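Okay, handing you the structure first.
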Amino acid sequence: MEETLQSNEVINLTTFRGQYSVSPPLSGGDGRGYAVEENGGYDVNGVASRSSAVLSGYDTLDSPPSYDFYANTEVFGRTRKIRPSLFQLHSNPEDDSSPPPLYEETNGNKESPEDEPTEPPPEPTRFGWVQGVMVRCMLNIWGVILYLRLPWITAQAGIGLTWIIILLSSCITGITGLSTSAIATNGKVRGGGTYFLISRSLGPELGGSIGLIFAFANAVAVAMHTVGFAETVQALMEENGSRMVDPINDIRIIGVITVTCLLAISLAGMEWESKAQVMFFMVIMVSFANYIVGTIIPASPQKQARGFFSYRADIFAENFVPNWRGPEGSFFGMFSIFFPSATGILAGANISGDLKDPNVAIPRGTMLAIFWTTVNLSVSGSCVLRDASGHINDTIMTGSAAGDCLGTACSYGWNFSECIANKTCSYGLSNYYQTMSMVSGFAPLIAAGIFGATLSSALACLVSAPKVFQCLCKDKLYPVIGFFGKGYGKNDEPYRSYLLTYIIAVCFILIAELNTIAPIISNFFLCSYALINFSCFHASITNSPGWRPSFRFYSKWASLVGAVVSVIIMFLLTWWAALIAIGIVLFLLGYVLYKKPSVNWGSSVQAGSYNMALSYCMGLNHVEDHIKNYRPQCLVLTGPPSLRPALVDFVGTFTKNQSLMMCGNVIIGGPSPEAVDAANSSSHVTWLNKRRIKSFYQGVVADDLRTGAQILLQGAGLGRIRPNILVMGFKRNWNKCPPTSIENYISILHDAFDLQYGVCILRMKEGLDLSHQMQAHSNGHFNIQINGGSEIFHPMDPDSLTALPQPTTIFQTRQEKKTIDVYWLSDDGGLTLLLPYLLKRKKRWGRCKVRVFVGGEIQHLFVTLYLVHFNSVKKFEDMLGPYRVHAIQKSRGGDAQTTGDCPWMVSDEEFEKNLAKSFRQIRLNEVLKDYSRDAALIIITMPVGRKGACPSTLYMAWLETLCRDLRPPVLLVRGNQDSVLTFYCQ
């Protein structure tokens, strides 16, 4: 086995299958048969799926690793398999239960055999790494800069600094290429190119903004390259003395005709577009060969007069050092002019959806394109002088004074001293942009190369922009643009996006002056480079297990340097254009952050948020608790939050952006898949987010409500970020519920006190539970199942809650100029005072005035007990009557049942012992009616019933009596007797 592992051999374990394997039929509660097939698969009523039976003597539902389990694509003619669930493997097949299906249905309904296509769909055209990436990138890098500006840059910066400019540009593009390769090999890449790579790595916020401006930049780049071609054609027409209208209109006419022809090529399909690119590539290669041959051929007198003398060591030495001229004469000035020519490295990645294997093609083709173009651009400046007159008569006559001759040309018998001194030379590297045409063996081939470079770049941008924009439209991050995302044909061609790109290009071609727009486009490209590098760095630094690129030749620190340098270059090129580009990115970023589209791509931003949150939580372990830093962190027993919106809104008011809020939901029942799904349904979090409640949600499955509450009380939270206050709704119908339900409710309060929790109970006159109203409006969106006296919420659809009308509560509106009446009757540590202060800080409660009623000594309160009305006492006794021992014995015919068997029963002794406390609650209710009938909110210290001495029904009667018949909402508060307020600074 050790030798096998070292040699990376794969052994098919099916050869070791047991001789006496059996295929026991399995059946579920739904009556369907689960038969294990002989070939190692299982079939569900004719639908096959795989299983593993190779390591045992019998067949099982367990499956070996399969590609289908990890992919989200389908293969024609084969049903996609899905991994058996843990319930299917773990549960007893004889149980009367219905397991989830073992196959995947499409769009909720599986197609019948008659509806299924008999032939596979036509295979779209796909390209390899040479034709699809390398050639496309090289064509986009080679452009007008190479033919018309590189010799001039060499004259300004010298050969040495020109090489540095080229190598620096290549380093930036090389680092970006490495980052692109790493991201492209981290998973299956689809259509969308740069936008797809950034959005799936950094998320929709940055990905969407870059995708939009990158598509726009490519559309405008079509106009730029087309205008470059049109200007060259117009110049040739001027040389031959021909003109259509005038120079500007000639450029417009030629440009519109050219871009229309390029659109026709693009609409013909990617196959024709790729053939056109290969033709342009061949033309450019021929023009390069023509240039190289021209530098080797001995120079004619006419070329010598223009400064060309073939390869000479002294010319190389003179041109090696810089000779800055004009306002642009600086290193960064030359760099800003050259660098836009290196912005074509993403041309191959932009058509990622049309590549056979993007994971291989993008890294290989991009890196080789960068290498070959770098080598090609490095050959220049060794055979042409900086200055020459072009006059054939400027030769040194025999016997003339050679000492008066200036420049290297003197040693070759030419005297350009006059034009050098007067700065009137018309030829040479510094003065003549068509130097490559002059040096070449056949000048028309260089013109053809210029045509090929400009047209190929325009065609590449004309294809890239619609592809990127189509992917952005399909993701629906921005409104309106979805119309342009529709695809046609086997290649899913975005014809609508093509027409939009064509219209944008024509608009800029008609301007015919793009010198102002060009820096912005370059900065948009650099924005993309910076974000690609940052994506690679961020994905690496977060240490997410999902970051597993197969391309290993990258460095996260090199990616960070590439991102920083790209931003710096943006400002070095044109600072105002950089500000415009960054401003547009931030605006689009803010829009997506505000709209919060419902997409989840597992971005590195999510992984970074997890790391940051984990780090901060761990950091709190080193900080001791202090009274000044106390925050009310609330565990709210809401059940499904949508059923008690008033309770959620009230707690969210004083915890928002301040402290922890966690909604707890207890699903009563056994640990079944249905119960677990109901407890962990994402619809609850969706409802909270839509209501803009900043709260966590935690659902548990338990045998009863008290057990589930105990689980939440002890297990909720993380480290020091854990609840310290239990918030519940008042049990309004307690006298109609079984006594055991009352016992569970009060026992939860005792459990909270035992665990050092503070307790808050909110009561509203109209009640808190909206389950029956929601069920009436749901039209079958959810069920409410009664189980043991408790209601279980079963959502039928994750979007059902957000589709239902959102109920409005009084806690969502701004309160009138009323009072918040606080009855601080017992010192509970100050929680009764802290909560109204936190409410008062919120804008909704800012107009309310806080009134505090403080109780005196307990013995002084006994004086007021004699003021209790007889009718109030009679109501209290009638309320508690059904739970008195003598009443129960009388109803059962004298059956002697003790309070030990029924702890909710109230004996005469317990009633008399707690009579003073009962009278106190009755009197307090009368005080509340007298002083706080018009308050916006009443906050009162909640009495504490001793565990074992005060029956649950008596305690429930106290709470009922205390806040009965009150119009304002009432909040019963009891702290855990630890101080939450302090007068001191330390």
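One-based numbering along the chain as shown.
Keep in mind that glycine also has a Cβ here, set from the backbone N, Cα and C atoms.
Copying in the features that TrEMBL gives for the protein in this structure:
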DOMAIN    47-115  domain 'Amino acid permease N-terminal'
REGION    89-126  region 'Disordered'
TRANSMEM  127-148  transmembrane segment
DOMAIN    132-635  domain 'Amino acid permease/ SLC12A'
TRANSMEM  160-186  transmembrane segment
TRANSMEM  206-230  transmembrane segment
TRANSMEM  251-270  transmembrane segment
TRANSMEM  276-297  transmembrane segment
TRANSMEM  442-465  transmembrane segment
TRANSMEM  495-512  transmembrane segment
TRANSMEM  524-541  transmembrane segment
TRANSMEM  561-594  transmembrane segment
DOMAIN    644-779  domain 'SLC12A transporter C-terminal'
DOMAIN    804-859  domain 'SLC12A transporter C-terminal'
DOMAIN    871-985  domain 'SLC12A transporter C-terminal'
Okay, the transmembrane segment (160-186) and the transmembrane segment (524-541): do they have at least three CB pairs under 8 Å, pairs separated by 6 or more?
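The answer is yes, given that the two segments have at least 3 Cβ pairs within the 8 Å cut-off.
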Counting Cβ pairs under 8 Å that sit 6 or more residues apart, are there three or more between the transmembrane segment (127-148) and the transmembrane segment (561-594)?
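Contact criterion not met.
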Go through the chain and flag residues at least 6 beyond the ends of the transmembrane segment (495-512) whose CB is under 8 A from any CB in it; none is fine as an answer.
215-216, 218-220, 222-224, 226-227, 230, 248, 251-252, 255-256, 259-260, 263, 266-267, 462, 465-467, 469-470, 473, 483-486, 488
At a C-beta cut-off of under 8 Å, are there same-chain residues at least 6 beyond the transmembrane segment (206-230) that contact it? List them, or none.
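Result: 143-144, 192, 194-195, 198-200, 250-252, 254-255, 258-259, 262, 350, 450-451, 454-455, 457-458, 461-462, 464-466, 468-469, 471-472, 475, 477-478, 500-501, 504-509, 512, 514, 517-518, 520-521, 524-525, 527-528, 531, 581, 584-589, 592.
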What counts of helix, strand and coil residues does DSSP assign across the domain 'SLC12A transporter C-terminal' (871-985)?
54 helix, 12 strand, 49 coil
Same chain, outside the transmembrane segment (442-465) by at least 6, Cβ under 8 Å from its Cβ: which residues?
136, 139-140, 142-144, 146-148, 193, 215-216, 218-219, 221-222, 225-226, 228-229, 232, 236, 258-259, 262-263, 265-266, 270, 273, 276-277, 279-281, 283-284, 286-288, 290-291, 294, 344, 346-347, 350-351, 434, 436, 497-498, 501-502, 505
The domain 'SLC12A transporter C-terminal' (871-985): mean pLDDT?
84
